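Asker: Handing you this structure, nothing more for now.
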């Protein structure tokens with residue numbers, strides 16, 4: 001009678017089955033995970049986006065009115081350009097804390113909340129160009145301590161306060177071209193120690209005292225502004241078309257220099273004290289004048305009463321009308 005037998009060199013059947021079953025979770029789950037990340041609307045992929053290996057979520061050119069839902073820490077690159085995201089609310093990207101690159105070009109963006117970029121401490125590249133931003137709130141970019149490249153080009157910015165950028169120690173490239181900036185506020189570039197590329201063309205520079213900080217920076221960093229020689233004044237009339245690099249510091253000698261930090265500290269420290277001292281002095285003088293006036297009036301009344309007592313009767317022999325009436 002024939003009976004099944006196994007070669008002496010092979011493992012027993014239970015061990016063979018175990019070896020066949022052990023790799024099953026590995027080679028079945030990996031393709032499933034890759035498929036879920038690569039299809040729109042699948043698990044872990046933001047809504048209305050197409051995801052690729054490496055953490056890129058492509059949500060561009062989809063007419064999105066807002067930042068899509070479903071963001072997570074697997075997203076490293078988020079492409080939202082050419083949509084209709086007109087506003088960024090607080091914490092718009094808080095679920096994508098591992099984001100390294102964010103592209104928001106050409107969205108018609110008009111308003112960015114001061115806390116819109118909270119949670120993006122790892123972000124290195126931010127592109128907000130070709131939008132309709134007219135102003136940015138203080139602290140908008142303060143959370144982006146790892147930022148290395150920022151583009152605000154082709155917007156409508158007429159002023160950019162130092163508090164908007166804050167201190168960005170790693171920022172190397174800043175694009176401000178094609179805005180409505182007549183000057184750069186004093187201290188704006190002071191918090192950017194690593195800056196080595198600054199693009200400024202296409203702005204209506206007004207060559208007055210407000211332009212002094214920018215001209216000083218351009219003189220001190222001639223290689224960091226590749227378009228510096230093409231930056232021209234548009235006003236006032238006598239300086240129209242004058243290059244910004246042609247103004248030495250002596251050209252601003254008539255301008256009042258900003259106060260140093262030490263001077264400001266003295267002013268802010270002594271200001272309240274001097275105000276209180278002046279107030280106390282005014283109160284003391286007022287009280288003294290009031291007391292002197294009251295004393296003078298009392299003396300005048302006392303002198304008038306004494307003068308009335310000393311005045312003699314004009315007709316000593318004539319009885320008064322009241323006494324005559326009493327006798328009758």
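First residue shown is number 1, and so on along the chain.
For all residues, glycine too, the Cβ spot is worked out from N, Cα and C.
Computed from a predicted structure; not experimentally measured.
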Asker: With the ranges 238-264, 265-291 to choose from, which does TrEMBL describe as transmembrane segment?
Answerer: 265-291
Asker: Kindly report the helix/strand/coil residue split of the compositional bias 'Basic residues' (300-309) according to DSSP, in that order.
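Answerer: Tallying H, G and I as helix, E and B as strand, the rest coil: 10 helix, 0 strand, 0 coil.
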Asker: Just give the helix, strand and coil counts over the domain 'LRRCT' (203-256), going by DSSP.
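Answerer: So the domain 'LRRCT' (203-256) is made up of 25 helix, 7 strand, 22 coil.
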